[in-house]
Amino acid sequence: MLSYTVKRLLSLIPVLLGLTLIVFFMIRAIPGNPAQTILGQLATDEAVAALTKQLGLDQPWYTQFFHYLGGLFTGDLGESLRTKSPINEEIWPFLAATAELAFCAMIIAIVIGVNAGIISAWFQNSWFDYVAMILALIGVSMPIFWLGLMEQWVFAINLEWLPTSGRENVRAPIETITNFYILDTLIQGRMDQFWVVVKHLVMPSFALATIPMAIIARITRSTMLEVMKSDFIRTARAKGLRMFWVVYKHSLKNAIIPVLTIIGLQTGLLLGGAILTETIFSWPGIGRYIYDAINYRDYPVIQSGILIIAVIFVTINLIVDLLYAAIDPRIKYN
Amino acid sequence: MELSTNKEMQVPIEPAEEKAVSPWLEAWRSFRKNKLAVIGTFIVLFFVLLAIFAPYIAPEGINEQKLTTSDRLQAPSSEYWFGTDDFGRDVFSRVVYGSRISLWVGFLAVIGSIVIGCLLGIVAGYYGKWVDSVISRFFDILLAFPSILLAIAIVAVLGPSLRNALIAIAIINIPNFGRLIRSRVLSVKQEEFIMAAKAVGMKNSRILFHHVMPNSIAPIIVQGTLAIATAIIEAAALGFLGLGAEAPNPEWGKMLSDARAFLTQAPWTLFFPGLAIVLTVLGFNLMGDGLRDALDPRMKN
């Protein structure tokens, strides 16, 4: 297990280097002079020259790359062209906002998705199975930005149950400690604000949860069906064990690996989907941060923001891989 | 089973005693029995026909503006089936024409990724060694980005346009096909008929295109159909973010972002383009699932 962990970690090195290289070359792939493109046609030659120098574009690319790489090792992600502040400082609140949203979405997706899948497999071909699987099919075909808009129309505009967008009540801002608003309000014991935060979270989390929920439900159902056909399940049933325990203990334990894979993969993909959800709900997260940077042609932010998300994505996949071995002793890594 | 999908190999075989059913025919029979798959195929056909005959179906063009109050932001009626938008344009006509863009982008992007992905996958799988490592690492790196984010990054660099959105979607799908073909090549390479082909001195390129490729068509069709579904969503997402189709193109995602400001006043301007996306994507997903069950019975549940 240890040697496998080390091996997996080592295999990450070329991938991470490749990632950095791609992200690094992105800014250099802009046709023409990137500084000119960033500043627009009306910029003076001095301004263009100054920006070229600031971005280090006047040096050979390998010098630039190692400079960038060196910066990454010391935690220097560059400087935003728009706000002039270091990216590694200003990125935290955005990352926290996305993490909070993604966490809630994933909890919703796992709880509903896994249970819907289990019940569908348990009562295969029942009306519940049909309805759940049709909903899951529609769920995977759903553009989340449209779902978000429709949620807003129903729950915010027509029913007025939930706030349309944002993360907090702008007139009563939350004192930030950790930037995870749920935690912050709880630490401060502000239950009134806690509910405000929860209300703001409901719609974006459900929108973001839809696709993973649907995929998790489908995978859980199909693996559970497979496991429930096995001999040991028949034995457990023959012993007179209650169906509930057969399903939730014996079967689920053996069906968990593919489900876990998909949960890991979907958590990573969630970070990509977040950019759309955050746009719809004006959620001040990392997706929004990168998207705004694209509109302002703030290339250092685009570069580092994308790199960070990719690194998180790779890390989540690694953790899932390592978890397999911990959960299933049959898996041996050599 | 894999042997008989190969026409080259079918010829010299002695005529079978009993009439052998080709696996394609067998797959078609099982596909036809799958209700959801048939529904999906009909949905896809419906949108394809809509796209082809758009000028005959749509009552108006894509950009016929009528800036009078009696024509702007009108609710659905017998005159305007899906209502009108803020320029007084008929939403129904725009949705109908929009099917052209979405299907076009979906098909073309996926064909692009299949061609490039297959070439890379075949080269990696067949030649192995360092070529394989380089290409496989390249796939790993592309897959290390959440796909939509990579697409956004590519369009951010190339500049926002429908063509660049298409290129970006094609690029992000390359590793999926590349890996698929690579693994097929690796397994087919071990088959005896490849060894036989080598033994008789057949050239590598001939082995690849006459023996390896035909054995990989089924999974490509399945994966390709499902990829069109995601490609359509991705194109709409890029359009929605303002990184895809430009005005006045009636791209469904772009229509949604244009109409966003009118969510309270005119929800129909948002409802119908979105519904069109969901239906088209659902159609391709159902068809893809059905094809997988029919062509790859091991995956069936």
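Sequential numbering from 1, following the chain as shown.
Using the three backbone atoms N, Cα and C, a Cβ is placed for every residue, glycine included.
Quick look at what TrEMBL lists:
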DOMAIN    B:99-288  domain 'ABC transmembrane type-1'
TRANSMEM  B:36-58  transmembrane segment
TRANSMEM  B:101-126  transmembrane segment
TRANSMEM  B:138-159  transmembrane segment
TRANSMEM  B:165-181  transmembrane segment
TRANSMEM  B:220-245  transmembrane segment
TRANSMEM  B:265-288  transmembrane segment
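Looking at which of B:36-58, B:101-126, B:220-245, B:265-288 has the most CB pairs under 8 Å to the transmembrane segment (B:138-159), the answer is the stretch B:220-245. Taking Cβ pairs closer than 8 Å, the transmembrane segment (B:265-288) reaches residues 36-37, 39-44, 46-47, 73, 75-76, 82-86, 91-92, 94-95, 98-99, 102-103, 106, 222, 225-226, 228-230, 232-233, 236, 252-253, 255-256, 259 in its own chain, all 6 or more past its ends. Same-chain residues lying 6+ beyond the ends of the transmembrane segment (B:220-245) with a Cβ under 8 Å from its Cβ atoms: 101-103, 105-107, 109-110, 113-114, 118, 147-148, 151-152, 155-156, 160-162, 165-166, 168-169, 172-173, 176-177, 180-181, 251-254, 256-257, 277, 280-281, 284-285, 287-289, 291-292, 295-296.
Using a Cβ-Cβ cut-off under 8 Å and counting only residues 6 or more beyond its ends in the same chain, the transmembrane segment (B:36-58) has close neighbours at 90, 92-94, 96-97, 99-100, 103-104, 276, 279-280, 282-291, 293-294.
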